[in-house]
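What follows is a set of notes on a single structure, which appears directly below.
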Amino acid sequence: MRGDGFGATLRAEWTKLRTVRRWTLTLLCSGILIVVIGLLVSSSSGSDVNQHPDFVVGPDGQPVVDEFQFAHQTLSGDGTITARVAAQEDSGTDASAGLIIKDGLTSGSRYVALRVTKKGVHLEADYATGIRGSSRTAPVWLRLTRQGPVVTGYESADGSSWTKVGQVTAAKLPRDVEIGMFANSAPKVVVKRSAGSTSVGQEGTRSTASFDNVHLDAAGAGAWDDDAVHRPEGEPKDLGGNRGQAGERPPGVKAAGVVERDGTFAITGGGEIGPNPPDDDVVSIALFGVLPGLMALAAVGVLFVTSEYRKGMIRATFAANPRRGRTLAAKAIVIGAAAFVMTLVGGAGALLAAQPVLQDRGFAPPAYPEYSLTDPPVLRALLLTALFVAILTVFATALGAVLRHSATAITTVVVLIVVPVILSSILPLSMGRWVMQLTPAGGLATWRAKPPTTTLADPWSMIGPAAGLTVVSVYAVVTLAVAWWLLRRRDA
């Protein structure tokens, strides 16, 4: 008896899926597998970032980096500083120069800074607030005004006509602060990959910025002091920042310091200012069980089609619903929805179960904040991971319809996931990134809650979730189209 529409076809395919016991058990086991493997991986992972002697925490408890060379005076109460950044040396990394008001000279203390980089002018405060100004680069005039708790930044091309960049409320800055000019240059990150391991190092850089037309409008303005804001003692070596000015510097790195001549200041400094969270992603660690879980779901996706061909049931299916494309679409929707739900439930369980384990292993505040399933990055990673697995399972179903051979189709799916992961772990960064962008394995990037990075051995950390979902979607759509075309032309 023929079905009465697509709804009937959907119900028929759902009935097939839930009435085959081994398929139902495999679906349930995939969710359990995600939780169990996630716990095992979490318990075998570890971090000692919080114990590093040079670990710096910002005023709100977040990991930060805070290094620069500072020409400064003490400001008590209100005041305004004006200066022209006449020139800024390009160090090859993110070099910056500008004006800053800071709570002392301790790395990680509160501040408000107006700085210029090769990307333009920015007003920043306490490693979080950022207001973008114009795209001007040096030479540019900058002005920073403190009036009560409000600090306002201005910029100008000629020193006469001023444009407001923005203002911030810095009520927690003390009355007595340090105010002045600064320069720094971020270190170069050097990443080497070989045989599945990644080594990350830093090559220090320093940049020189020239300031002139410097004017501090404040009571008691006097001589300028030269100091470096740097990480606490205990860092294993000088990576080119400002710590240890009197000590040995890496070869080729110029000395940090301030040189004043005829009202012009040449400030040479290294380091950077901003958030500095570890690249390790506790969400992706907890969700590692998705990898074996999706293998089980992909196998069900293949068998959802090939078992009907092997047993000859497909003829009865097409007799009941001669529109073969409709049957294929129904199978894709049913298996995709089942995979999405099982991954979502299993992933949520893994995240909840793994958090205390990860915290015991060193992934704890302040370096690694506690997460909640409702945190936007965590929720996004969970939903996108479930979507990725659903799309991959649909791809497996379509591949089964094309090949009509269970072992071949399942092996193909596994190879397209496992082999790219292995290759990307041992190939150079650029080649490894391309491998992940061109294969369904790129979808593993969805389980990261943090932005892409090249500093980890995990190949899925090199690309973003959008790129990963795009490539697996292309595989699924193309394979579905081929399966639909073959279904209409081949005998059942």
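Cβ atoms are placed via backbone N, Cα and C, with glycine included.
Here is what TrEMBL says about this protein:
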TRANSMEM  20-41  transmembrane segment
REGION    223-253  region 'Disordered'
COMPBIAS  227-240  compositional bias 'Basic and acidic residues'
TRANSMEM  285-307  transmembrane segment
TRANSMEM  328-358  transmembrane segment
TRANSMEM  378-403  transmembrane segment
TRANSMEM  410-431  transmembrane segment
TRANSMEM  466-487  transmembrane segment
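The transmembrane segment (466-487) and the transmembrane segment (378-403) are in contact, since at least 3 Cβ pairs between them lie under 8 Å (pairs 6 or more apart in sequence).
Beyond the ends of the transmembrane segment (20-41), by six or more residues, the same chain brings 285-294, 296-297, 299-300, 303-304, 307, 338-339, 342-343, 345-347, 349-351, 353-354, 357 to within a C-beta distance below 8 angstroms of the stretch. Residues 6, 9-10, 12-14, 17, 27-28, 30-35, 38-39, 42-43, 45, 282-283, 285-287, 289-290, 293-294, 297, 300-301, 304-305, 364, 368, 370-371, 373, 378, 382-383, 385-387, 389-394, 397-398, 401, 447, 480, 483-484, 487 of the same chain lie 6+ residues outside the transmembrane segment (328-358) yet bring a C-beta within less than 8 angstroms of a C-beta in it.
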